[in-house]
Amino acid sequence: MTQLAETYACVPTAERGRGILISGSPKSNTILYTNGRSVIILNLDNPLDVSVYAELQRKDNSQIKCLAAVEEEIVTSGFDNKIWRVPVHGDQCGDADSVDIGTQPKDLSLALLSPEIALVSTDSGVVILHGTKVVSTVNLGFTVTASAIAPDGMEAIIGGQDGKLHIYSITGDILKEEAVLEKHRGAVSVIRYSPDVSMFASGDLNREVVVWDRVSREVKLKNMLYHTARVNCLAWSPDSRMVATGSLDTCVIIYEVDKPASSRLTIKGAHLGGVYGLAFTDQYTVVSSGEDACVRVWRLTPQS
(Lines of atoms letter the chains of each structure in order from A; the text may use other names.)
(Lines give C-alpha, C1' and ligand atoms only; values in the text may rest on other atoms or scores of the structure.)
Protein backbone atom coordinates (compact mmCIF):
# COMPACT_ATOMS: atom_id res chain seq x y z
CA MET A 1 0.00 0.00 0.00
CA THR A 2 1.04 3.61 -0.47
CA GLN A 3 0.13 6.76 1.33
CA LEU A 4 0.60 10.35 0.17
CA ALA A 5 2.56 11.99 2.95
CA GLU A 6 3.24 15.52 1.68
CA THR A 7 2.94 17.65 -1.44
CA TYR A 8 5.37 20.46 -2.17
CA ALA A 9 5.02 22.96 -5.00
CA CYS A 10 8.06 23.69 -7.09
CA VAL A 11 9.29 27.12 -6.04
CA PRO A 12 9.58 30.01 -6.65
CA THR A 13 5.90 30.42 -7.50
CA ALA A 14 6.61 32.84 -10.34
CA GLU A 15 8.79 30.25 -12.04
CA ARG A 16 6.78 27.07 -11.71
CA GLY A 17 7.33 24.54 -14.42
CA ARG A 18 7.80 20.84 -14.93
CA GLY A 19 9.45 19.29 -11.89
CA ILE A 20 12.39 17.11 -12.84
CA LEU A 21 13.49 15.31 -9.71
CA ILE A 22 17.15 14.45 -9.73
CA SER A 23 18.20 12.76 -6.53
CA GLY A 24 17.32 11.91 -2.99
CA SER A 25 19.82 11.47 -0.18
CA PRO A 26 19.09 8.75 2.41
CA LYS A 27 21.82 10.25 4.59
CA SER A 28 20.25 13.69 4.94
CA ASN A 29 16.61 13.08 3.91
CA THR A 30 17.12 15.74 1.27
CA ILE A 31 15.78 15.93 -2.27
CA LEU A 32 17.10 18.05 -5.10
CA TYR A 33 15.09 18.97 -8.16
CA THR A 34 14.77 21.57 -10.88
CA ASN A 35 11.87 23.28 -12.59
CA GLY A 36 14.06 24.04 -15.60
CA ARG A 37 15.13 27.46 -14.38
CA SER A 38 16.18 27.07 -10.75
CA VAL A 39 17.61 24.24 -8.68
CA ILE A 40 15.76 23.63 -5.43
CA ILE A 41 17.02 21.71 -2.40
CA LEU A 42 14.42 20.62 0.13
CA ASN A 43 14.98 18.86 3.45
CA LEU A 44 11.98 16.66 4.14
CA ASP A 45 12.54 17.00 7.89
CA ASN A 46 12.11 20.77 7.60
CA PRO A 47 10.13 21.41 4.39
CA LEU A 48 9.64 25.11 5.11
CA ASP A 49 13.39 25.63 4.82
CA VAL A 50 13.80 25.60 1.05
CA SER A 51 17.01 26.56 -0.72
CA VAL A 52 16.53 28.00 -4.21
CA TYR A 53 19.79 28.40 -6.06
CA ALA A 54 19.21 31.52 -8.13
CA GLU A 55 22.77 31.46 -9.42
CA LEU A 56 21.76 28.41 -11.44
CA GLN A 57 18.98 30.29 -13.18
CA ARG A 58 19.56 30.65 -16.89
CA LYS A 59 19.79 34.32 -17.82
CA ASP A 60 19.92 33.55 -21.55
CA ASN A 61 16.66 31.57 -21.63
CA SER A 62 18.65 28.34 -21.83
CA GLN A 63 16.73 26.13 -19.45
CA ILE A 64 18.21 23.27 -17.47
CA LYS A 65 17.63 20.05 -19.37
CA CYS A 66 19.67 17.52 -17.38
CA LEU A 67 20.92 17.54 -13.81
CA ALA A 68 22.95 15.14 -11.72
CA ALA A 69 24.19 15.54 -8.17
CA VAL A 70 26.38 14.16 -5.45
CA GLU A 71 26.54 15.48 -1.90
CA GLU A 72 29.05 18.23 -2.63
CA GLU A 73 28.34 19.10 -6.25
CA ILE A 74 25.54 19.84 -8.69
CA VAL A 75 26.12 19.25 -12.41
CA THR A 76 23.72 20.65 -15.00
CA SER A 77 23.33 20.89 -18.75
CA GLY A 78 20.93 22.85 -20.90
CA PHE A 79 20.35 24.05 -24.42
CA ASP A 80 23.52 26.17 -24.44
CA ASN A 81 25.83 23.19 -25.20
CA LYS A 82 27.49 23.65 -21.79
CA ILE A 83 28.02 21.43 -18.77
CA TRP A 84 28.04 23.40 -15.51
CA ARG A 85 29.60 22.19 -12.25
CA VAL A 86 28.56 23.96 -9.06
CA PRO A 87 30.15 23.09 -5.68
CA VAL A 88 27.76 22.88 -2.73
CA HIS A 89 28.86 23.71 0.81
CA GLY A 90 26.04 23.11 3.25
CA ASP A 91 23.24 25.40 2.11
CA GLN A 92 25.48 27.57 -0.06
CA CYS A 93 26.64 27.26 -3.67
CA GLY A 94 30.17 28.07 -4.75
CA ASP A 95 31.31 29.56 -8.03
CA ALA A 96 30.16 27.64 -11.09
CA ASP A 97 32.57 26.37 -13.74
CA SER A 98 31.55 25.23 -17.21
CA VAL A 99 32.74 23.55 -20.38
CA ASP A 100 31.26 23.85 -23.87
CA ILE A 101 31.01 20.41 -25.48
CA GLY A 102 30.04 21.83 -28.87
CA THR A 103 26.65 20.16 -29.17
CA GLN A 104 23.45 19.84 -27.22
CA PRO A 105 23.51 17.30 -24.36
CA LYS A 106 20.70 14.75 -24.25
CA ASP A 107 21.55 12.88 -21.04
CA LEU A 108 24.00 13.28 -18.17
CA SER A 109 25.28 10.91 -15.50
CA LEU A 110 28.09 10.87 -12.95
CA ALA A 111 30.39 8.05 -11.86
CA LEU A 112 29.25 8.13 -8.23
CA LEU A 113 32.51 6.74 -6.81
CA SER A 114 34.51 9.22 -8.92
CA PRO A 115 32.04 12.06 -9.56
CA GLU A 116 34.62 14.14 -11.40
CA ILE A 117 33.96 11.68 -14.26
CA ALA A 118 30.78 12.48 -16.20
CA LEU A 119 29.19 10.85 -19.22
CA VAL A 120 27.23 13.17 -21.51
CA SER A 121 25.27 11.75 -24.41
CA THR A 122 24.48 13.66 -27.58
CA ASP A 123 22.45 12.78 -30.67
CA SER A 124 25.28 10.86 -32.30
CA GLY A 125 27.58 9.79 -29.47
CA VAL A 126 28.98 10.55 -26.04
CA VAL A 127 31.40 12.91 -24.36
CA ILE A 128 33.47 11.87 -21.33
CA LEU A 129 34.45 14.65 -18.95
CA HIS A 130 36.94 14.81 -16.11
CA GLY A 131 35.88 17.85 -14.16
CA THR A 132 35.41 20.48 -16.86
CA LYS A 133 37.95 18.92 -19.21
CA VAL A 134 36.77 16.98 -22.26
CA VAL A 135 38.60 13.63 -22.15
CA SER A 136 36.96 12.00 -25.14
CA THR A 137 34.32 12.69 -27.78
CA VAL A 138 33.07 9.54 -29.49
CA ASN A 139 30.74 9.22 -32.48
CA LEU A 140 28.94 5.91 -31.98
CA GLY A 141 27.30 5.61 -35.38
CA PHE A 142 23.72 5.42 -34.11
CA THR A 143 21.17 7.82 -32.63
CA VAL A 144 21.66 7.98 -28.86
CA THR A 145 18.60 8.51 -26.65
CA ALA A 146 19.78 7.62 -23.10
CA SER A 147 22.95 6.75 -21.21
CA ALA A 148 24.40 5.82 -17.83
CA ILE A 149 27.91 5.39 -16.46
CA ALA A 150 28.82 2.83 -13.80
CA PRO A 151 29.75 4.15 -10.34
CA ASP A 152 33.42 3.27 -10.88
CA GLY A 153 33.50 4.97 -14.28
CA MET A 154 34.67 1.80 -16.01
CA GLU A 155 31.50 0.96 -17.94
CA ALA A 156 28.79 2.79 -19.85
CA ILE A 157 25.41 1.69 -21.14
CA ILE A 158 24.12 3.62 -24.13
CA GLY A 159 20.53 3.32 -25.35
CA GLY A 160 19.52 4.00 -28.91
CA GLN A 161 16.59 5.12 -31.00
CA ASP A 162 16.41 1.53 -32.25
CA GLY A 163 15.75 0.19 -28.74
CA LYS A 164 19.14 -1.49 -28.38
CA LEU A 165 21.38 -1.20 -25.31
CA HIS A 166 25.09 -0.97 -26.11
CA ILE A 167 27.48 -1.83 -23.28
CA TYR A 168 30.96 -0.31 -23.43
CA SER A 169 34.03 -0.73 -21.27
CA ILE A 170 35.86 2.53 -20.55
CA THR A 171 39.64 2.68 -20.32
CA GLY A 172 40.92 6.23 -20.11
CA ASP A 173 39.52 7.93 -23.20
CA ILE A 174 38.75 4.69 -25.05
CA LEU A 175 35.30 3.09 -25.30
CA LYS A 176 35.13 -0.55 -26.39
CA GLU A 177 31.80 -2.17 -27.20
CA GLU A 178 31.36 -5.36 -25.18
CA ALA A 179 27.75 -6.34 -25.87
CA VAL A 180 24.49 -5.28 -27.49
CA LEU A 181 21.24 -6.16 -25.72
CA GLU A 182 17.96 -6.36 -27.60
CA LYS A 183 14.64 -6.43 -25.76
CA HIS A 184 13.03 -3.01 -26.11
CA ARG A 185 10.57 -2.31 -28.92
CA GLY A 186 10.86 1.46 -28.66
CA ALA A 187 13.57 4.07 -28.24
CA VAL A 188 15.33 3.77 -24.87
CA SER A 189 14.36 6.69 -22.63
CA VAL A 190 16.15 6.00 -19.33
CA ILE A 191 18.89 3.74 -17.90
CA ARG A 192 19.91 3.39 -14.24
CA TYR A 193 22.35 1.12 -12.40
CA SER A 194 21.17 -0.43 -9.13
CA PRO A 195 22.94 0.87 -5.99
CA ASP A 196 24.69 -2.49 -5.49
CA VAL A 197 25.66 -2.43 -9.20
CA SER A 198 24.49 -6.03 -9.67
CA MET A 199 21.69 -4.94 -12.01
CA PHE A 200 20.55 -2.13 -14.23
CA ALA A 201 17.11 -1.10 -15.43
CA SER A 202 16.03 0.49 -18.69
CA GLY A 203 12.78 2.01 -19.91
CA ASP A 204 11.52 2.96 -23.35
CA LEU A 205 9.05 5.11 -25.26
CA ASN A 206 6.88 2.04 -25.89
CA ARG A 207 5.94 1.82 -22.15
CA GLU A 208 8.20 -1.12 -21.26
CA VAL A 209 10.74 -1.42 -18.44
CA VAL A 210 13.36 -4.17 -18.18
CA VAL A 211 15.59 -5.14 -15.25
CA TRP A 212 18.85 -6.79 -16.33
CA ASP A 213 21.44 -8.86 -14.49
CA ARG A 214 24.70 -7.01 -14.99
CA VAL A 215 27.01 -10.04 -14.96
CA SER A 216 25.03 -12.41 -17.20
CA ARG A 217 23.42 -9.56 -19.18
CA GLU A 218 20.20 -11.56 -19.13
CA VAL A 219 16.74 -10.23 -18.31
CA LYS A 220 16.12 -10.52 -14.56
CA LEU A 221 12.58 -9.13 -14.40
CA LYS A 222 10.38 -9.23 -17.49
CA ASN A 223 6.80 -8.35 -18.46
CA MET A 224 7.09 -4.87 -16.93
CA LEU A 225 4.48 -3.56 -19.33
CA TYR A 226 1.95 -1.94 -17.02
CA HIS A 227 2.34 1.69 -18.06
CA THR A 228 0.06 2.88 -20.86
CA ALA A 229 2.43 5.51 -22.27
CA ARG A 230 6.14 6.23 -22.54
CA VAL A 231 8.41 5.71 -19.53
CA ASN A 232 10.05 8.99 -18.50
CA CYS A 233 12.06 8.07 -15.41
CA LEU A 234 12.98 5.35 -12.96
CA ALA A 235 14.72 4.99 -9.60
CA TRP A 236 16.13 2.19 -7.45
CA SER A 237 15.55 1.72 -3.74
CA PRO A 238 18.71 1.98 -1.59
CA ASP A 239 18.87 -1.80 -1.05
CA SER A 240 18.35 -2.55 -4.78
CA ARG A 241 15.21 -4.59 -4.07
CA MET A 242 12.71 -2.24 -5.72
CA VAL A 243 12.42 -0.21 -8.90
CA ALA A 244 10.01 2.71 -9.25
CA THR A 245 9.00 3.89 -12.72
CA GLY A 246 7.22 7.05 -13.85
CA SER A 247 5.34 7.66 -17.07
CA LEU A 248 3.45 10.10 -19.23
CA ASP A 249 0.36 8.14 -18.14
CA THR A 250 0.51 10.04 -14.77
CA CYS A 251 1.28 6.86 -12.80
CA VAL A 252 4.15 5.64 -10.63
CA ILE A 253 4.64 1.86 -10.57
CA ILE A 254 6.83 0.11 -8.00
CA TYR A 255 8.21 -3.37 -8.66
CA GLU A 256 10.05 -5.78 -6.38
CA VAL A 257 12.76 -7.35 -8.50
CA ASP A 258 12.49 -10.77 -6.79
CA LYS A 259 8.74 -11.02 -7.43
CA PRO A 260 6.75 -11.26 -10.66
CA ALA A 261 5.98 -7.95 -12.34
CA SER A 262 2.28 -8.70 -11.89
CA SER A 263 2.67 -8.11 -8.12
CA ARG A 264 3.48 -4.45 -8.79
CA LEU A 265 2.16 -1.53 -6.75
CA THR A 266 0.62 1.30 -8.78
CA ILE A 267 0.10 4.92 -7.73
CA LYS A 268 -2.52 6.19 -10.16
CA GLY A 269 -2.72 9.87 -11.03
CA ALA A 270 0.51 10.72 -9.22
CA HIS A 271 1.02 13.84 -11.37
CA LEU A 272 -1.35 15.52 -13.79
CA GLY A 273 0.33 15.66 -17.19
CA GLY A 274 2.89 12.96 -16.44
CA VAL A 275 5.64 11.87 -14.05
CA TYR A 276 9.10 13.18 -14.93
CA GLY A 277 11.25 12.49 -11.86
CA LEU A 278 11.64 9.82 -9.18
CA ALA A 279 13.93 9.11 -6.24
CA PHE A 280 13.96 7.04 -3.06
CA THR A 281 15.00 8.87 0.12
CA ASP A 282 14.90 5.63 2.10
CA GLN A 283 13.70 2.09 1.58
CA TYR A 284 10.03 2.98 2.04
CA THR A 285 9.85 6.59 0.83
CA VAL A 286 9.47 7.51 -2.84
CA VAL A 287 9.52 11.11 -4.06
CA SER A 288 8.03 12.01 -7.42
CA SER A 289 7.75 15.15 -9.54
CA GLY A 290 5.89 15.98 -12.69
CA GLU A 291 4.27 18.20 -15.26
CA ASP A 292 1.96 19.65 -12.59
CA ALA A 293 4.92 21.47 -10.97
CA CYS A 294 4.51 19.51 -7.75
CA VAL A 295 6.81 17.25 -5.75
CA ARG A 296 5.04 14.49 -3.82
CA VAL A 297 6.28 12.19 -1.07
CA TRP A 298 4.85 8.67 -0.94
CA ARG A 299 5.20 6.33 2.05
CA LEU A 300 5.26 2.63 1.21
CA THR A 301 3.79 0.12 3.64
CA PRO A 302 6.09 -2.93 3.96
CA GLN A 303 4.46 -6.13 2.75
CA SER A 304 4.48 -9.09 5.11
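Glycine too: its Cβ is placed from the backbone N, Cα and C atoms.
As annotated by TrEMBL, repeat 'WD' applies to 181-213 (among others). Same-chain residues lying 6+ beyond the ends of the repeat 'WD' (181-213) with a Cβ under 8 Å from its Cβ atoms: 145-148, 150-151, 157, 159-165, 167, 219-222, 224-225, 227-240, 243, 245, 247, 249, 255, 257.
The feature repeat 'WD' is assigned by TrEMBL to 224-265 (among others). Shown for the repeat 'WD' (224-265): DSSP residue counts in helix, strand and coil, namely 3 helix, 19 strand, 20 coil.
Summarised as a single figure, the pLDDT of the repeat 'WD' (268-304) averages 87. Positions annotated as repeat 'WD' by TrEMBL: 268-304 (among others).
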